[in-house]
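K.L.:
Structure below; questions to follow.
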Amino acid sequence: MAQIFNFSSGPAMLPVEVLKQAQQELRDWNGLGTSVMEVSHRGKEFIQVAEEAEKDFRDLLNVPSNYKVLFCHGGGRGQFAAVPLNILGDKTTADYVDAGYWAASAIKEAKKYCTPNVFDAKVTVDGLRAVKPMREWQLSDNAAYMHYCPNETIDGIAIDETPDFGKDVVVAADFSSTILSRPIDVSRYGVIYAGAQKNIGPAGLTIVIVREDLLGKANVACPSILDYSILNDNGSMFNTPPTFAWYLSGLVFKWLKANGGVAEMDKINQQKAELLYGVIDNSDFYRNDVAKANRSRMNVPFQLADSALDKLFLEESFAAGLHALKGHRVVGGMRASIYNAMPLEGVKALTDFMVEFERRHG
């Protein structure tokens with residue numbers, strides 16, 4: 001079978017080594033004669049999976065001891081509700097920074113539970129889309145927290161600055177598409193959440209990192225399944241968790257540790273992004289309309305100068321083993337999502353195809 005490179009934005013490509021191990025263990029996991037999908041989540045075998053996954057995740061991100069790690073349901077959209085329901089406390093407003101599609105989606109959901117103070121950080125610089133630097137973000141004095149999204153998958157926009165708003169500002173961040181791709185200082189955040197289906201594992205699992213002093217503030221109307229305190233008190237097993245997704249994510253964490261951890265991923269991700277953006281920037285045939293300072297390393301949208309060639313580009317790239325390159329319907333064009341599991345070899349295959357396609361159709 002020819003090598004296939006999956007550039008989907010999520011559910012995304014998983015490491016080949018992880019898939020092979022899961023395949024080998026599918027019908028006989030740990031010598032039990034059953035699949036990990038069939039064992040009790042409260043049995044000692046799966047408890048070990050859960051404990052190892054949390055330990056490895058903490059190691060990868062150097063999560064401080066005063067932070068809890070929760071393995072949840074509901075995806076990023078579930079957390080759009082969970083964040084205000086858990087950490088508003090007795091306040092009624094929160095600061096939300098709008099830099100793209102997913103930040104705006106979080107704002108829309110938050111309006112059900114509080115009055116968001118929305119700061120529009122989107123700007124245009126020399127005709128390119130960009131984000132105002134954090135020093136220009138206007139925050140209110142009475143907000144329970146400040147929320148932003150460091151990486152916008154649809155817009156291809158990244159905010160790589162580390163927040164530094166003082167110890168009194170609780171920062172909540174949607175890291176769904178950039179978690180584990182580069183080192184982060186967890187201590188600068190009150191809440192970090194990430195849907196698993198991009199850089200962690202398969203869809204169905206969501207990881208939350210929450211500072212322990214923020215527990216115990218949930219609104220009385222908060223569903224138990226979204227209550228951080230209840231999840232923490234029950235070891236993330238208030239109800240039956242997505243065990244297979246948890247197991248696979250644990251395998252991904254071990255794969256990451258065996259391959260140099262987050263620091264090594266950071267280097268490789270930079271190489272991949274430079275290679276792909278380099279081909280785009282050195283061509284009049286392709287274009288990207290995001291300012292270099294805010295370009296995402298995870299999601300690279302690009303357009304062809306002649307959109308009439310879009311269909312042919314997608315057909316030929318698919319035939320060449322380069323899958324899921326169609327851009328989001330909101331933006332159009334193409335989009336290459338190059339998360340941790342995408343090897344440099346895959347990006348090289350894409351850029352070689354792009355150069356050859358331009359040669360034939362430019």
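Quick reminder: no glycine exception, Cβ is built from N, Cα and C everywhere.
Pulled from Swiss-Prot, these are the listed features:
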BINDING   S9, R42  L-glutamate binding site
BINDING   G76, R77, W102, T153, D174, Q197, N239, T240  pyridoxal 5'-phosphate binding site
MOD_RES   K198  N6-(pyridoxal phosphate)lysine
K.L.:
What's the CA-CA gap between S9 (L-glutamate binding site) and W102 (pyridoxal 5'-phosphate binding site) in angstrom, rounded?
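P.N.:
A Cα-Cα distance of 13 Å.
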K.L.:
Among G76, R77, W102, T153, D174, Q197, N239, T240, the annotated pyridoxal 5'-phosphate contacts, find the widest CA pair distance and round it to a whole Å.
P.N.:
30
K.L.:
If you skip the near sequence neighbours and keep only those at least six away, which residues in the chain come within under 8 angstroms of N239 (pyridoxal 5'-phosphate binding site), Cβ to Cβ?
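P.N.:
The answer is I225.
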K.L.:
Restricting to the same chain and to sequence separations of six or more, state which residues have a Cβ under 8 Å from that of D174 (pyridoxal 5'-phosphate binding site).
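P.N.:
In sequence order, G76, Q79, W102, A103, A106, H147, Y148, C149, P150, Y193, A194 meet the Cβ cut-off.
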K.L.:
Identify which of the recorded positions R42, R77, K198 has its Cβ surrounded by the largest number of other Cβ atoms within 10 Å, counting every protein chain shown.
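P.N.:
For the recorded positions R42, R77, K198, the Cβ with the most other Cβ atoms within 10 Å is K198.
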K.L.:
Do me a favour and check the Cα-Cα span between T153 (pyridoxal 5'-phosphate binding site) and R42 (L-glutamate binding site); whole Å is fine.
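P.N.:
Checking the Cα atoms of T153 (pyridoxal 5'-phosphate binding site) and R42 (L-glutamate binding site) gives a distance of 36 Å.
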K.L.:
If you measure from the Cα of R42 (L-glutamate binding site), which of the recorded positions R77, Q197, K198 is the nearest?
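P.N.:
For R42 (L-glutamate binding site), the closest Cα among R77, Q197, K198 is found at Q197.
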K.L.:
Look up D174 (pyridoxal 5'-phosphate binding site) in the DSSP assignment and reduce it to helix, strand or coil.
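P.N.:
Where D174 (pyridoxal 5'-phosphate binding site) sits, the three-state DSSP reduction gives strand.
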K.L.:
Find, for the listed binding-site residues S9, T153, Q197, the residue with the lowest Cβ contact count at a 10 Å cut-off, counting only other Cβ atoms.
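P.N.:
Fewest other Cβ atoms within 10 Å, among the binding-site residues S9, T153, Q197, is found for S9.
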K.L.:
Using a Cβ-Cβ cut-off under 8 angstroms and a sequence gap of six or more, which residues of the chain neighbour T240 (pyridoxal 5'-phosphate binding site)?
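P.N.:
In sequence order, the residues whose Cβ lies under 8 Å from that of T240 (pyridoxal 5'-phosphate binding site) (at least 6 apart) are H41.
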